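J.: Grabbed the feature section from TrEMBL, which reads as follows:
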- C:Asp132: active site, proton acceptor (ACT_SITE)
- C:Gly15, C:Arg76, C:Ser77, C:Gly106, C:Asp107, C:Gly108, C:Ser109: ATP binding site (BINDING)
- C:Arg25, C:Ser26, C:Val27, C:Val28, C:Arg29, C:Arg159, C:Gly190, C:Ala191, C:Glu192, C:Lys218, C:Ser219, C:Ser220: ADP binding site (BINDING)
- C:Asp107: Mg(2+) binding site (BINDING)
- C:Thr130, C:Ile131, C:Asp132, C:Arg167, C:Met174, C:Gly175, C:Arg176, C:Glu227, C:Arg252, C:His258, C:Met259, C:Gln260, C:Arg261: substrate binding site (BINDING)
- C:7-283: domain 'Phosphofructokinase' (DOMAIN)
Number of protein chains: 4
Amino acid sequence: MPKTLKKIAVLTSGGDSPGMNAAIRSVVRTCAYHSIDCIGVYRGYEGLIEGDFKEMNARSVRGIINKGGTILKSARSKEFRTKEGRQKAYDSLVKANVDGLVVIGGDGSFTGALIFNQEFGFPVMGIPGTIDNDIVGTTHTLGFDTALNTVVDAIDKIRDTASSHNRLFFVEVMGRDVGHIALNAGIAGGAEEILIPEENLGLERLVESLNRSRKSGKSSSIVIVAEGDKIGKNIFQLKDYVDENMEGYDVRVSVLGHMQRGGAPSCFDRVLASRMGVKAVESLLEGKTNFMVGLLNSKMELTPLDNAIKGKTKINLELLRVSDIMST
Amino acid sequence: MPKTLKKIAVLTSGGDSPGMNAAIRSVVRTCAYHSIDCIGVYRGYEGLIEGDFKEMNARSVRGIINKGGTILKSARSKEFRTKEGRQKAYDSLVKANVDGLVVIGGDGSFTGALIFNQEFGFPVMGIPGTIDNDIVGTTHTLGFDTALNTVVDAIDKIRDTASSHNRLFFVEVMGRDVGHIALNAGIAGGAEEILIPEENLGLERLVESLNRSRKSGKSSSIVIVAEGDKIGKNIFQLKDYVDENMEGYDVRVSVLGHMQRGGAPSCFDRVLASRMGVKAVESLLEGKTNFMVGLLNSKMELTPLDNAIKGKTKINLELLRVSDIMST
Amino acid sequence: MPKTLKKIAVLTSGGDSPGMNAAIRSVVRTCAYHSIDCIGVYRGYEGLIEGDFKEMNARSVRGIINKGGTILKSARSKEFRTKEGRQKAYDSLVKANVDGLVVIGGDGSFTGALIFNQEFGFPVMGIPGTIDNDIVGTTHTLGFDTALNTVVDAIDKIRDTASSHNRLFFVEVMGRDVGHIALNAGIAGGAEEILIPEENLGLERLVESLNRSRKSGKSSSIVIVAEGDKIGKNIFQLKDYVDENMEGYDVRVSVLGHMQRGGAPSCFDRVLASRMGVKAVESLLEGKTNFMVGLLNSKMELTPLDNAIKGKTKINLELLRVSDIMST
Amino acid sequence: MPKTLKKIAVLTSGGDSPGMNAAIRSVVRTCAYHSIDCIGVYRGYEGLIEGDFKEMNARSVRGIINKGGTILKSARSKEFRTKEGRQKAYDSLVKANVDGLVVIGGDGSFTGALIFNQEFGFPVMGIPGTIDNDIVGTTHTLGFDTALNTVVDAIDKIRDTASSHNRLFFVEVMGRDVGHIALNAGIAGGAEEILIPEENLGLERLVESLNRSRKSGKSSSIVIVAEGDKIGKNIFQLKDYVDENMEGYDVRVSVLGHMQRGGAPSCFDRVLASRMGVKAVESLLEGKTNFMVGLLNSKMELTPLDNAIKGKTKINLELLRVSDIMST
């Protein structure tokens with residue numbers, strides 16, 4: 001492990017999320033603050049393999065803190081999954097005199113970083129960037145808060161039209177394995193039901209619940225459905241089921257889609273990104289490697305990468321209960 | 001035709017659009033200003049038939065100018081399409097001493113109003129409320145401007161993720177018969193192509209154009225597709241075609257859906273709604289009937305309802321040309 | 001202390017903040033869930049004294065989760081500071097058979113609640129609602145997150161014009177005693193300097209720092225100033241000082257003002273409000289009194305009211321450091 | 001006048017406004033479409049004098065359509081007001097082989113362009129970019145629509161807190177000579193009174209009107225004040241007057257300030273900018289000079305620059321009346 005780093009590389013990998021640019025900016029400026037060189041790597045591990053690098057200084061990252069997406073672009077790399085690919089990446093880094101790497105991405109990206117370190121002893125540090133909030137070791141991943149606001153804003157709009165027409169809306173939000181977005185945005189959007197991968201409500205109970213809600217005088221309803229919900233039907237099949245089994249509702253479907261990944265990051269995500277970038281660079285400078293920076297109990301903390309990639313964060317059971325009570 | 005009206009009813013009908021509440025407010029307050037009574041009719045023609053009315057005064061409409069949807073709710077009424085239904089509606093109005101009716105809605109709603117007037121001589125006035133902007137006699141329908149901003153905001157977000165990943169996005173926007181939303185939002189969103197019902201680009205030319213755009217160095221592209229586009233394929237078939245016929249693009253689809261109907265109305269729509277409400281009530285008070293109020297050459301003008309319901313407004317050819325030039 | 005409560009009252013007091021309506025909704029629905037009656041008190045302690053109450057059920061709070069301000073209105077009450085005033089308030093509550101009170105407000109409101117309990121043994125529970133985030137016992141007060149997003153959005157807009165004209169902007173944000181808004185929004189807005197009540201940068205060092213920033217190539221700068229900043233000059237005097245002591249800058253001032261208190265609450269604040277309302281009601285039902293609910297380590301926790309009103313939360317020193325590094 | 005232009009320069013001048021970047025993009029892409037070279041001039045006429053130019057092609061303007069401010073920056077130039085300054089500017093243009101100039105700005109900028117043409121016969125074309133909407137020859141200047149939405153959003157937020165506390169707010173908006181922003185945003189924000197430069201309501205009548213509004217049951221009020229309102233007092237003096245002459249109101253002041261100039265342009269402004277850029281370049285290519293492009297009756301039209309700089313557009317009297325009726 002190098003005593004003193006002289007040049008750090010930063011890349012974004014996997015699905016993009018709002019706040020990635022703010023994190024890149026923070027990594028670059030923290031390097032500048034410590035008089036360390038910094039390079040940006042384009043297109044994640046692909047660019048690492050190809051040596052697609054760019055020197056970055058404090059000015060290079062001016063005006064990006066409020067931009068969605070990632071100026072370094074992101075990609076999934078098949079080649080990096082091979083030993084040969086990783087060897088090329090290592091060679092590129094050595095050739096460019098880089099001696100530390102910050103990876104902004106999700107658990108797939110961290111797995112790659114960990115293997116890379118194990119093979120070449122190259123110092124790596126992870127920053128959790130994904131809207132799904134499914135990574136162990138941080139209460140919030142970068143982009144989660146922004147995505148929630150985007151989803152809630154969309155639900156508010158759909159509510160306008162739903163309640164003007166006495167309609168039932170199924171609204172699909174992101175979350176293939178975890179229901180964090182669905183659960184939080186569902187509560188905030190005042191959803192009548194929330195279907196998540198962690199819990200199988202069952203179709204009969206869903207219909208029962210909707211009937212109960214209608215009897216209580218609600219003329220319109222919104223059901224939030226996570227992509228990976230456990231009922232095991234896609235959202236259009238859900239609609240068909242309800243169409244057949246409930247009368248009097250005009251059922252509509254809305255799939256929010258990729259819009260959820262974009263947009264100017266919220267204040268929360270910009271501050272989080274700024275803190276994470278500082279912590280990641282300074283941890284590398286302290287000689288640490290194979291950690292992910294995260295927010296735990298309001299503080300920046302390190303979690304070993306091999307813990308971060310094990311499993312997904314659990315749904316907060318208190319929130320499930322709050323959701324039930326609110327849809328009384 | 002009554003010389004002096006004493007009580008005016010207002011209803012919203014058809015698909016809701018942002019600005020309908022602002023128009024209701026304006027109708028109610030203009031009545032108050034002229035010391036005329038005003039009642040709100042719930043659920044469009046359905047409520048007219050059932051006599052589902054509510055007395056409204058200046059205070060009833062406080063705090064609604066910035067709310068999406070319609071506090072009077074909207075519905076489509078089969079019964080109003082029958083002579084019997086319309087007779088009931090007439091009876092309800094007479095019983096409530098109403099002697100004038102303002103209908104906020106689209107061309108279907110206006111057709112109903114016109115027949116109603118022809119059968120019973122009841123004074124009616126239309127306010128064009130629909131996000132589609134497809135009604136002859138006004139350069140802007142209520143809600144069009146707000147919907148455009150909603151769509152453009154979504155495209156901006158999708159662009160963030162598209163350009164981070166070198167992706168091609170097909171984004172479907174509302175507009176079954178007309179491409180106004182697609183064309184305006186497409187230009188404003190910097191779309192590479194815009195597919196509208198009025199024009200058949202053809203699949204080969206679409207692929208050609210996308211290839212050209214990519215050769216010019218664009219690594220991501222957004223194609224806006226109106227629901228009723230002429231290529232005659234739905235947006236998922238479009239994706240499949242491009243997947244098969246173009247290499248190297250990661251193609252995604254996003255259907256913006258009902259979100260486009262909701263949200264706080266823009267300043268433009270609130271001012272337009274306020275003007276239209278005044279004009280509608282004052283025109284009724286002047287003894288006019290069977291007109292729609294509209295914005296023409298920046299002024300409030302009346303168009304006979306039977307003109308307003310004939311055909312759809314044409315696409316602005318200048319905008320088509322601007323779109324072509326911008327995607328150079 | 002009553003074993004079983006039968007009727008709970010809820011009021012909002014002090015400066016309003018986004019999320020108060022979501023908290024009212026949660027209190028009301030949690031009461032409904034537990035089959036407890038609930039009444040809303042208008043205009044804070046004023047309404048408590050006057051018995052200005054309204055029965056509330058699950059339907060009364062429909063459609064308010066996304067509304068800024070407070071439907072119960074808020075006020076400051078001089079009379080409640082007197083023994084006589086509090087006696088009247090107690091009589092009103094007893095007369096209405098209320099046996100528990102939820103107070104949504106800041107530390108002044110909590111002090112009142114605590115005295116009220118000490119005098120009459122009336123069960124009270126606090127929910128921290130203020131944008132200032134200055135209350136001990138919770139990492140986030142209701143409305144803080146929303147206010148931050150509002151401020152950052154304004155800074156983004158000011159940045160557009162600042163950088164088009166090479167201008168220096170002083171932007172004043174709320175925070176008379178604490179710099180939480182200034183510090184977080186300043187980091188997120190990419191501010192060059194942040195002046196807060198907790199720290200006295202000094203005018204000379206401010207000018208030095210701005211000069212340094214300009215030499216590094218920045219042609220425009222934004223300085224965030226908390227209302228109560230320690231330099232002890234108001235923002236217009238700051239401008240005058242810089243006008244006199246720096247050349248070449250076109251200095252402008254923007255005071256964001258009350259806009260910061262309004263707007264639809266963020267997802268974060270809506271979820272927080274929902275959780276806090278549940279916790280407040282259920283804590284009262286468990287026989288607890290004189291606590292404030294708060295968010296600590298991501299969980300709902302109770303803090304004795306007399307702790308909550310002692311002092312203000314400290315500024316996060318890590319954030320100060322991050323701010324320094326980011327403005328490198 | 002040159003028969004065929006080969007190279008066009010574009011600059012932004014005066015106060016910046018949202019949509020300027022979209023207009024630059026349109027000018028550059030229209031040049032590319034017609035195979036004409038295009039250069040951007042930095043800092044308005046200052047950069048013209050100094051020859052601070054940059055070659056621009058379709059790629060240079062990628063990703064700017066949704067950005068506020070101006071990437072070319074803007075400035076006011078004293079030197080361009082002298083014959084010597086304009087001579088230098090002409091020399092710079094000739095040296096760079098530029099044979100046409102598009103000026104995006106307000107009437108001051110157009111006056112400069114007109115004198116420049118008169119002295120050197122250099123072809124110039126104006127695009128009206130200012131949020132004030134005060135230029136003859138177009139119903140909408142670039143940025144006006146966006147600024148209105150920004151102002152209305154701020155009023156909505158202030159309304160939340162005003163109505164929670166029964167407060168009277170004076171909100172100052174931009175408009176030194178004209179009340180277009182105040183009048184439109186006032187109507188859309190549901191303001192109780194609107195004070196504009198074109199009309200002197202008088203302090204007594206203002207107080208009368210506010211008293212009337214309160215008697216009608218309104219517990220909070222918002223008065224929109226244009227910077228240059230005719231009452232001749234600044235907004236803080238207005239507050240003092242009302243404080244002294246009305247009882248029971250808690251009066252607050254909010255000055256919206258420079259925030260109004262920034263932000264992502266609305267769909268309307270982006271489309272308008274795109275159309276104006278095409279029209280400006282193609283008019284130059286047709287050999288025209290000394291015109292401003294504008295939106296008249298929904299079409300792109302040319303107005304001689306010397307008309308455009310004569311006087312300010314009049315306030316729409318219909319809107320004044322609508323405002324009166326709405327605040328019934």
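Glycine too: its Cβ is placed from the backbone N, Cα and C atoms.
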J.: Centre the Cβ atoms of C:Gly15, C:Arg76, C:Ser77, C:Gly106, C:Asp107, C:Gly108, C:Ser109, go out 8 Å, and tell me which other residues of that chain have a Cβ in range of the ATP site.
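T.: Here the nearby residues are C:Ser13, C:Gly14, C:Gly44, C:Gly105, C:Gly112.
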J.: Work out how many Å separate the residue listed as 'active site, proton acceptor' and C:Met259 (substrate binding site) at their Cα atoms, rounded off.
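T.: Rounded to a whole number, the Cα-Cα distance is 14 Å.
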J.: To the nearest Å, how far is the Cα of C:Ser109 (ATP binding site) from the Cα of C:Arg261 (substrate binding site)?
T.: 17
J.: By CA distance, which of the binding-site residues (C:Arg25, C:Met174, C:Glu192, C:Arg252) lies nearest to C:Gly15 (ATP binding site)?
T.: C:Met174
J.: Would you count the other C-beta atoms found within 10 angstroms of the C-beta of C:Val27 (ADP binding site) for me?
T.: 30
J.: What are the sequence-distant neighbours of C:Gly190 (ADP binding site), meaning same chain, six or more residues apart, C-beta distance under 8 angstroms?
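T.: Once residues fewer than 6 apart are set aside, C:Gly190 (ADP binding site) is near C:Ile155, C:Arg159, C:Ile222, C:Met326.
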J.: Can you name the residues of this chain that are 6 or more positions from C:Gly106 (ATP binding site) yet have a C-beta less than 8 Å from its C-beta?
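T.: In sequence order, the residues whose Cβ lies under 8 Å from that of C:Gly106 (ATP binding site) (at least 6 apart) are C:Ser13, C:Gly14, C:Gly15, C:Pro128, C:Gly129, C:Thr130, C:Asp132, C:Asp134, C:Ile135, C:Thr141.
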J.: Highest Cβ count within 10 Å among the binding-site residues C:Ser77, C:Ser109, C:Thr130, C:Ser219: which residue is it?
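T.: Answer returned by the neighbour count: C:Ser109.
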J.: Which one, from the binding-site residues C:Gly15, C:Gly108, has the smallest tally of other C-beta atoms lying within 10 Å of its C-beta?
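T.: Comparing Cβ neighbours within 10 Å for the binding-site residues C:Gly15, C:Gly108, C:Gly108 has the fewest.
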J.: Write out which of the listed binding-site residues, namely C:Arg29, C:Arg76, C:Ser77, C:Gly106, C:Met174, lie with a C-beta under 8 A from a C-beta of chain A, sequence order kept, or 'none'.
T.: C:Arg29
J.: Averaged across the domain 'Phosphofructokinase' (C:7-283), what pLDDT does the model get? Just tell me the whole number, please.
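T.: Across the domain 'Phosphofructokinase' (C:7-283), the average pLDDT comes out at 94.
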J.: Taking only the Cα atoms, work out how far C:Arg261 (substrate binding site) lies from C:Ser219 (ADP binding site), in Å, as a whole number.
T.: 32
J.: Filter the recorded positions C:Asp132, C:Met259, C:Arg261 down to the ones with a Cβ under 8 Å from chain D's Cβ atoms, keeping sequence order.
T.: C:Met259, C:Arg261
